[in-house]
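As structure tokens, the structure follows; a few thoughts come after it.
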Amino acid sequence: MKEVSSNKCAGGFQKVFEHESSELKCKMKFAVFLPPKAEREKCPVLYWLSGLTCTEQNFITKAGSQLEAAKHEIIIVAPDTSPRGCNIEGEDESWDFGTGAGFYVDATEEPWKTNYRMYSYITDELPKLINANFPTDPERVSISGHSMGGHGALICALKNPGKYKSVSAFAPICNPMQCPWGQKAFAGYLGSERSTWEAYDATVLASSYSGPQLDILIDQGQDDQFLSASQLLPDNLIAVCSEKKIPVVFRLQPGYDHSYFFIYSFINDHIKHHAKFLNA
């Protein structure tokens, strides 16, 4: 593991590291915010999963999370969104599939299945690396994300009852089996057998969730072009959660779009949401 950059920030440090990933068979970068308290003792961790086209940079430069994370003494880990430079034919052809669009699944189809294993990377390889190298409390972990990363955060929490203390999302892709982005990605990574897609669809997973109570916070911009294009489908997830008595706070925010300006506006609420469970 190699340190790529380190900047003093909010009394702590915003760092970026690079490592050789065994799951993804390529070099991967991830960002880590270390609050001042991390110099003295162990802190809980919030994983942030970014959306389509993003790298580890978008969140750390645009979201403005560091002051609130420092205040609540939370380490934030923000990985990249896909393997990079794997020389797979077609990996750079479209913005919503391949590079920058790993969709947080473990691919089963050629030519993607060797490298595109973001689900295992996020839930297994990366946390092990983080816990071995940083002052984390492995028992206190939460997860959040935006758009494709909101989908990632929701499925990681729903597939692993008890692993995460809380989950939140900004404008998540809630029902990928039913939207064009999800159908394109799942067909490519998982094949044409739709039953295999269910393992990575938050709405389907919520319908069979049984485990410790999971408190979900979702913010959605009302003027989000992808909401009106039926890419996000939050109503489908909300309906299932209310049926299954899974507590969701869903906030439709008037005037906000899909951008990091929206995330910046509400990120403090999300960090407070996670702090409530991480610092309990």
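Glycine too: its Cβ is placed from the backbone N, Cα and C atoms.
Same-chain residues at least 6 positions away in sequence with a Cβ under 8 Å from that of SER147 (active site, charge relay system) are, in sequence order, GLY51, LEU52, PHE170, ALA171, PRO172, ILE173, PHE226, LEU232, HIS258. What TrEMBL lists as active site, charge relay system is SER147 (among others).
Annotation source TrEMBL lists active site, charge relay system at ASP224 (among others). Around the Cβ of ASP224 (active site, charge relay system), 21 further Cβ atoms fall within 10 Å across all displayed protein chains.
Taken from TrEMBL, the feature active site, charge relay system covers HIS258 (among others).
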Let's check the environment of HIS258 (active site, charge relay system): how many other CB atoms sit within 10 Å of its CB?
21
